[in-house]
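J.: Please find one structure pasted underneath; my questions will follow.
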Amino acid sequence: MEPFKYICHYWGKSSKSLTKGNDIHLLIYHCLDVAAVADCWWDQSVVLQNTFCRNEMLSKQRVKAWLLFFIALHDIGKFDIRFQYKSAESWLKLNPATPSLNGPSTQMCRKFNHGAAGLYWFNQDSLSEQSLGDFFSFFDAAPHPYESWFPWVEAVTGHHGFILHSQDQDKSRWEMPASLASYAAQDKQAREEWISVLEALFLTPAGLSINDIPPDCSSLLAGFCSLADWLGSWTTTNTFLFNEDAPSDINALRTYFQDRQQDASRVLELSGLVSNKRCYEGVHALLDNGYQPRQLQVLVDALPVAPGLTVIEAPTGSGKTETALAYAWKLIDQQIADSVIFALPTQATANAMLTRMEASASHLFSSPNLILAHGNSRFNHLFQSIKSRAITEQGQEEAWVQCCQWLSQSNKKVFLGQIGVCTIDQVLISVLPVKHRFIRGLGIGRSVLIVDEVHAYDTYMNGLLEAVLKAQADVGGSVILLSATLPMKQKQKLLDTYGLHTDPVENNSAYPLINWRGVNGAQRFDLLAHPEQLPPRFSIQPEPICLADMLPDLTMLERMIAAANAGAQVCLICNLVDVAQVCYQRLKELNNTQVDIDLFHARFTLNDRREKENRVISNFGKNGKRNVGRILVATQVVEQSLDVDFDWLITQHCPADLLFQRLGRLHRHHRKYRPAGFEIPVATILLPDGEGYGRHEHIYSNVRVMWRTQQHIEELNGASLFFPDAYRQWLDSIYDDAEMDEPEWVGNGMDKFESAECEKRFKARKVLQWAEEYSLQDNDETILAVTRDGEMSLPLLPYVQTSSGKQLLDGQVYEDLSHEQQYEALALNRVNVPFTWKRSFSEVVDEDGLLWLEGKQNLDGWVWQGNSIVITYTGDEGMTRVIPANPK
């Protein structure tokens, strides 16, 4: 066969750092390196095969042929002199006969995007009047739907972060200047030659040609191609070595591609993307020694072995996590998924889940990569320990939970290991306008996505979550949603995202309950056939007390101190940080007996919050120190997934579903001994003494739900509240859309609430549309901005100006730190406060979204004096805002 005329004159990778060997890697070799990774990964994952072959009549062999063909075209935009002159030395080395021609300017090369240009050139070449023999001859035949190629080309050329669509592209931006016409002609011939070569390499052996119509393009292709490109660029001393020697013919290229399979297998192993799965052994394998499956756990083996959406409703502490994990294990064992992703509402709950998953990971995989992803995961000591273990003990028996360094380099890669634990916003990014969102989409698509505390999300976030569920359904993925209970309307909306059937959910009063919906139908599972596994019926004694602004009065505070003196573990849950701080201060003033009092909320630095969280778990956890009485004043941070246990709970009024979450921390664990007077679980609920809920409506704006919850509490009239009965009886009626007799102020409040909800739904739809048009940077500030409607916080950096520079709260001087240390110091010393505080400051936010606030250090801590407010910070109380009686 004749040597190649054009394609061997283009470089794909260039490096001056290699100490030996070539410093140029031919473009055609790089493209085949990437295709080799895709080929090897395909062979190792039945899940990926089934995903790409979903709803296709073509054989897997032919789908794979098209897949490799298009992936090898991912860098077609590099067949362009404007890219080649990014390393003019490399170009001239490969083209010694053309050094005298004037090349493109440095500025032109710097602005050149080979991904976007690749899509442009594919579009232009396809419309060209010049014929490319078999390849573009089909463009002359009007009936041929050549548009079927564009989704594939758009996906693979978008591998650097954002998928462009041909019809939306500014084509004038990529037109070749007339001064480069001679180069343009050669570039076009090279692209045509490369397409013909790829046809011979991949399509012809599968009985296909470029005149055939490819299958529908999977939404996972962009992520798959991007990952293959990352790994195919992983040049080491023994993988994907640079090579600038031109192949003699097509057979030499075929041999090169086959030889790269070993390199591909090696980098896949190094990356941590693949792992050996362990055979499913049942839910009992995940339980501690001596424990047997209970409640819904006994139903796992009966659940469908098929992709679907599963909604698990069960009481707090009933083993929902193990139920979900066992079902995920079962699906992985049957090659319906490759991995597991746990998404939780907060960083604290994600940290707690990481601890639980470390013990379970080795049951599912022989060498699992366990990854934690949220804005502060790099400061989680357990996660850092797991990462270090992978380095120091790789290959040894005790290294049974690994954390591949490559996977842990960024949050987006959490979705590529075997078990990922993250905050929910990391999942929502997969459908939002953020760079490389399709990497997250690929990871989710090949995983069982488990979303915990699904009741905790507002309308905006639920709108985004529904988009994630629909995307998962489109690729045949699986999702498990966990909640103590869900209102019927919300459950219906979630289930309707999956499959073609949208039959109404039967109003089944059974509890606990599993609803499953797949492509071909729906099933429901309960414990009616296993009455011995029904959760034990228990009661809580509500004690409603009406107080101004729902604030504990002197009598209540004194009762709390007396209870702690009697040995009780007492918790007061406040709806607002400011309220919690005031209550804490008043308790400290009244505490003459030195009862241990803690304050826990979200307005601490990361270091202080971590210390507070550990102290709370140590004192009030399952194995906490219960030798003396204590008091914890907290906000909502204790109501979600933290395993804490109190003898007496006092809580400000809140919606019923969240109230039940809080009550789940009361007598959470069976104990032989409770202090005298606290043998029966009593929950004191602070209600308003008049109409309306005041500032609490800023947090819980559904006034109707708040009012109906209050009515249910008051209607008990001293009777006990029985669980699990209340989950269904209360929530279904409280969240019922049907109107009932209610005061005028409730109706007025609902008008405002429904207007705000409508705006949130609109924002969710709008931001989902933006995902097709824009690409924002993948950083913490962007993630917060697009995933949490109206909840954007303001990161404050308190400091004291010294002669050496800015001294941060932990005592470090910012200017004395290295760049890496500065980055870490900013994360550890900032405090997130409500964004509304910004109007009190004249200081401006810097380019990283931080507001530096210069204050002074006194004996009590850091203090800043403004015109109308005083802000202080101590490790004990966190950041407080005080409005003086006589402001400046």
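Every residue gets a Cβ built from N, Cα and C, even glycine.
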J.: Could you check which of 216-219, 452-455, 740-743, 864-867 is flagged in Swiss-Prot as motif 'DEAH box'?
T.: 452-455
J.: What does DSSP assign T321 (ATP binding site), in three states?
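T.: DSSP call for T321 (ATP binding site): helix.
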J.: Measure from the Cα of H160 (Mg(2+) binding site) to the Cα of every one of the binding-site residues A314, P315, T316, T321, then give the nearest.
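T.: With Cα distances computed to H160 (Mg(2+) binding site), the winner among A314, P315, T316, T321 is T321.
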J.: Under 8 Å Cβ-Cβ from K320 (ATP binding site), six or more apart in the same chain: what's there?
T.: L296, I312, A314, D452, L482
J.: Could you give the Cα-Cα distance between G319 (ATP binding site) and D75 (Mg(2+) binding site), in whole Å?
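T.: If we compare the Cα positions of G319 (ATP binding site) and D75 (Mg(2+) binding site), the gap is 49 Å.
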J.: Out of these binding-site residues, P315, G317, G319, which one has the fewest other C-beta atoms within 10 Å of its own C-beta?
T.: G317
J.: How many other Cβ atoms sit within 10 Å of the Cβ of T321 (ATP binding site)?
T.: 19
J.: Counting only residues 6+ away in sequence within the same chain, which have a CB under 8 Å from the CB of S318 (ATP binding site)?
T.: R294, Q295, L296, P512, P535
J.: Average pLDDT across the domain 'Helicase ATP-binding' (301-504)?
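T.: Looking only at the domain 'Helicase ATP-binding' (301-504), pLDDT averages out to 80.
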